[in-house]
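Structure first, then comments.
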Amino acid sequence: MSNFQAALLLTLLAGLSTGIGSAMALAVRHTNKRFLALSLGFSAGIMLYVSFMEIIPQSQEALSAGLSAKAGAWVSTISFFGGMLFTWAIDQMVPSFENPHEMSMIGPMTDAEKSDTRLHRMGIFTAAAIAIHNFPEGMAVFFSALSNQELGIVIASTIALHNIPEGMAVAVPIYFATKSRKRAFSLSFLSGLAEPLGALVGYTLLRPFLTPFVLGIVLASVSGIMVYISLDELLPSAEEYGEHHLAITGLIAGMAVMALSLLLLT
């Protein structure tokens, strides 16, 4: 399997985890929120640590090969904040009501108080919002895996984990509005396909220019995307699902596991 195929497969698997979240929401009546909080904090810890300790140094090394060390550090830093700005801009495209970063957390599957029409609309717009947000996430997984497959597996796993509650957020309102498990699952599943689509779009646009210098810029931008996702989505969601100390415990554990794995791999 080529690097391209492996990177695309990892991105596809990460995106399709929204379908896992949908299946979980439709199969069980209660979500174990404490475990979810710990898991989301764990994912944030992994993504933050690997961004600062692995991806940014790789970016600076690639950029410094064609520039001076100082110039490479400057370009890497600007690209890092550019990645954050790019993800923030996508966030602003989605109204807060439909934005998965702003919506209320998922509760038990009880009778809905709102009308079926409103619930159905909420589910549709949530699916669209998640699809938009999955574009930069797909690029983050794909380009990380293209640079380093082991790193790509780690990032794909953490993105997949945080896609699970997003799949739940799509499935629950659609199911209550339509009483159709098939429709709820299908919409959630389709929203996840935006992740490999984002990877393909990014690769198609950048492929003619994908030199080591450009890859260094992309890696720094990817780290910015990952840090933004961790701070804007994973940690706030972990705290809302569980409690502050549980989220921080997961965060520290994720960092420790990532640090140990990097030490063992080097």
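Just so you know, glycine gets a Cβ as well, placed from its N, Cα and C.
Annotated Fe(2+)-binding residues in Swiss-Prot are Asn134, Glu137, Asn163, Glu166, and among Glu195, Glu233 the one listed with them is Glu195. Taking each of the binding-site residues Asn134, Asn163 in turn and counting other Cβ atoms within 10 Å of its Cβ gives the largest count for Asn134. Between the CA atoms of Glu195 (Fe(2+) binding site) and His162 (Zn(2+) binding site) there is a gap of 13 Å. Counting every protein chain shown, the Cβ of Glu137 (Fe(2+) binding site) has 29 other Cβ atoms within 10 Å.
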